[in-house]
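Working notes, structure below.
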């Protein structure tokens with residue numbers, strides 16, 4: 001009975017992860033397509049749409065790399081002990097996750113600079129050059145990625161030496177745990193940047209509401225609504241990214257347990273929620289994407305009713 005219950009829970013968790021991955025692919029492909037079609041129609045693309053498109057493309061690549069890793073672990077687990085396979089999987093995961101997270105961080109920075117109002121000279125200079133700020137942020141992130149790749153490369157080489165000296169599944173698990181630990185450390189950099197944007201947005205909103213109160217003006221003006229929308233976008237990223245980072249950290253701590261246990265599947269389940277859930281939150285929070293999604297849903301409903309009417 002206990003075995004049956006464990007098997008049912010395991011199947012449920014695996015099904016949940018699979019559903020999250022499918023939603024992640026669909027949501028991110030949708031975001032990319034909407035922005036590409038709009039770009040073709042208008043002949044130009046805004047800075048924020050570029051960020052959305054870059055985020056969607058990198059997220060799609062990230063989810064595909066996760067799916068590839070899961071399939072290899074399921075179909076040919078022995079290959080995970082091969083050095084070149086470990087290098088390919090870790091590098092693809094690292095690069096795609098890096099751009100996925102940093103594009104989301106750039107989105108937080110963009111909203112912060114566009115929405116908030118501070119009289120500081122440095123802030124005003126950054127506000128007028130928001131595109132350059134985003135570009136510089138991405139360049140800095142490339143330097144961080146380079147360091148991250150070097151660190152992983154060094155430890156992958158050490159792992160290959162250990163594999164020659166003593167083989168076994170424990171070595172593969174330790175290498176995986178070490179990779180997760182390194183990834184967790186590097187995730188705190190963009191997380192800290194987004195958290196800073198979040199706190200400054202709250203401070204800016206508080207100042208704005210205080211000014212509105214002194215002037216005896218309604219609190220639901222354009223600036224207030226913009227602040228709240230910006231906060232919603234950043235909060236969605238922070239909450240889901242916190243869950244993602246905690247998932248990575250927890251997996252690195254529980255790495256001595258077998259990969260087939262329920263805890264491992266549960267941690268993967270909550271970790272995969274980040275690239276899927278955040279993209280869905282972006283669709284709901286962006287007027288253009290939300291309208292496009294409603295149009296698609298309406299079209300699918302009409303298509304379904306038309307098919308039903310033509311049925312036997």
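Cβ from N, Cα, C; glycine included.
For reference, Swiss-Prot has these:
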CARBOHYD  170  N-linked glycosylation site
TOPO_DOM  1-16  topological domain 'Extracellular'
TOPO_DOM  38-65  topological domain 'Cytoplasmic'
TOPO_DOM  87-92  topological domain 'Extracellular'
TOPO_DOM  114-133  topological domain 'Cytoplasmic'
TOPO_DOM  155-184  topological domain 'Extracellular'
TOPO_DOM  206-229  topological domain 'Cytoplasmic'
TOPO_DOM  251-264  topological domain 'Extracellular'
TOPO_DOM  286-312  topological domain 'Cytoplasmic'
TRANSMEM  17-37  transmembrane segment
TRANSMEM  66-86  transmembrane segment
TRANSMEM  93-113  transmembrane segment
TRANSMEM  134-154  transmembrane segment
TRANSMEM  185-205  transmembrane segment
TRANSMEM  230-250  transmembrane segment
TRANSMEM  265-285  transmembrane segment
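When each of 17-37, 185-205, 230-250 is scored by its Cβ pairs under 8 Å to the transmembrane segment (134-154), the top-ranked stretch turns out to be 185-205. Sequence-remote contacts of a segment are chain residues at least 6 beyond its ends whose Cβ falls under 8 Å from one of its Cβ atoms, and for the transmembrane segment (265-285) they are 10, 13-14, 16-17, 20-21, 23-24, 27-28, 30-31, 52, 55-56, 59, 62-63, 66, 100, 104, 229, 232-233, 236-237, 240-241, 243-244, 246-248, 250-251, 254, 293. The stretch with the most CB contacts under 8 Å to the transmembrane segment (185-205), chosen from 17-37, 93-113, 230-250, is 230-250.
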